[in-house]
Amino acid sequence: MSSTLPALLCVGLCLSQRISAQQQTLPKPFIWAEPHFMVPKEKQVTICCQGNYGAVEYQLHFEGSLFAVDRPKPPERINKVQFYIPDMNSRMAGQYSCIYRVGELWSEPSNLLDLVVTEMYDTPTLSVHPGPEVISGEKVTFYCRLDTATSMFLLLKEGRSSHVQRGYGKVQAEFPLGPVTTAHRGTYRCFGSYNNHAWSFPSEPVKLLVTGDIENTSLAPEDPTFPADTWGTYLLTTETGLQKDHALWDHTAQNLLRMGLAFLVLVALVWFLVEDWLSRKRTRERASRASTWEGRRRLNTQTL
């Protein structure tokens, strides 16, 4: 037992140091664009990065490389910085992330922000077949056409969250939808694009009307459902509440896990220390009894 204890103490110390090092990582900041992540060409956009109070430095990264630095003053009263792009263009479109520093500690990187420049090409036309007014259960198809040759088309439904369906074709793409429900009602637009971050002018809006409620509208999906391989979900970057809640919950869960692991390590160390102390005590007691017995045996021998 005595030889095992130092090894256990070493393992416990290493685990404790690792846990302590993990707890030294600051939670990731929140990043969003104002007024929107889709920015018309030559318009201004502001990228916001929110961390903790006391942060002395914020860094904005573009496509994995350092793009800008901001050092708020006084840091103890500011937990958000803004990075301005006064003239949006295709070179500024792409993926952004940010980090911040408190003292010597750096945070984890934020989620990626996809910044899109629009109005780069001609305006596409959007139509729907069999028409803008359909009955619940029917299937409809949107057609997005752009005479200027492109490689990708995108269909969006206006609303709280912007869902983007991608289609491909030289001058036109088809977007099948359905069977539709009343949840599919709304206003749609489409864009043409040569890549994920440079889009055309938006098409004129097409409003889809779906008549005839399903039996229980409370069970209808809040947003349209499309084939999983064609859909990407873009949450409006001005609505960051859900992202913040998820990030805070993730960080809290990590802290609870680390604290639980540290507690288990501490309990194990205490148990091994108590066991070692009891083992030593039993050894001393056995030695004491053996010594007493040997003394009595010698005394009896001398008496005889």
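Indices start at 1 and increase along the chain as displayed.
Positions of Cβ are set from backbone N, Cα and C atoms, glycine also.
Under the heading disulfide bond, Swiss-Prot lists C49-C98 (among others). Secondary structure from DSSP puts C98 (disulfide bond) in a beta strand. Listed in sequence order, the residues of the same chain lying 6 or more apart from C98 (disulfide bond) and placing their CB within less than 8 Å of its CB are P29, I31, I47, C49, Y58, Q59, L60, H61, P109, S110.
Taking all protein chains in view, 30 other C-beta atoms sit within 10 angstroms of the C-beta of C190 (disulfide bond). Positions annotated as disulfide bond by Swiss-Prot, on the basis of experimental evidence: C144-C190 (among others).
The domain 'Ig-like 1' annotation in Swiss-Prot covers 34-118. Summed and averaged per residue, pLDDT over the domain 'Ig-like 1' (34-118) gives 94.
The N-linked glycosylation site annotation in Swiss-Prot covers N216.
The signal peptide annotation in Swiss-Prot covers 1-21.
Annotated topological domain 'Extracellular' per Swiss-Prot: 22-258, in sequence order, evidence recorded as sequence analysis.
What Swiss-Prot lists as topological domain 'Cytoplasmic' is 280-304.
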*Including all protein chains shown, what's the count of other C-beta atoms within 10 A of the C-beta of C49 (disulfide bond)?*
26
*asked:* Per DSSP, what is the helix/strand/coil residue tally across the domain 'Ig-like 1' (34-118)?
replied: 3 helix, 46 strand, 36 coil
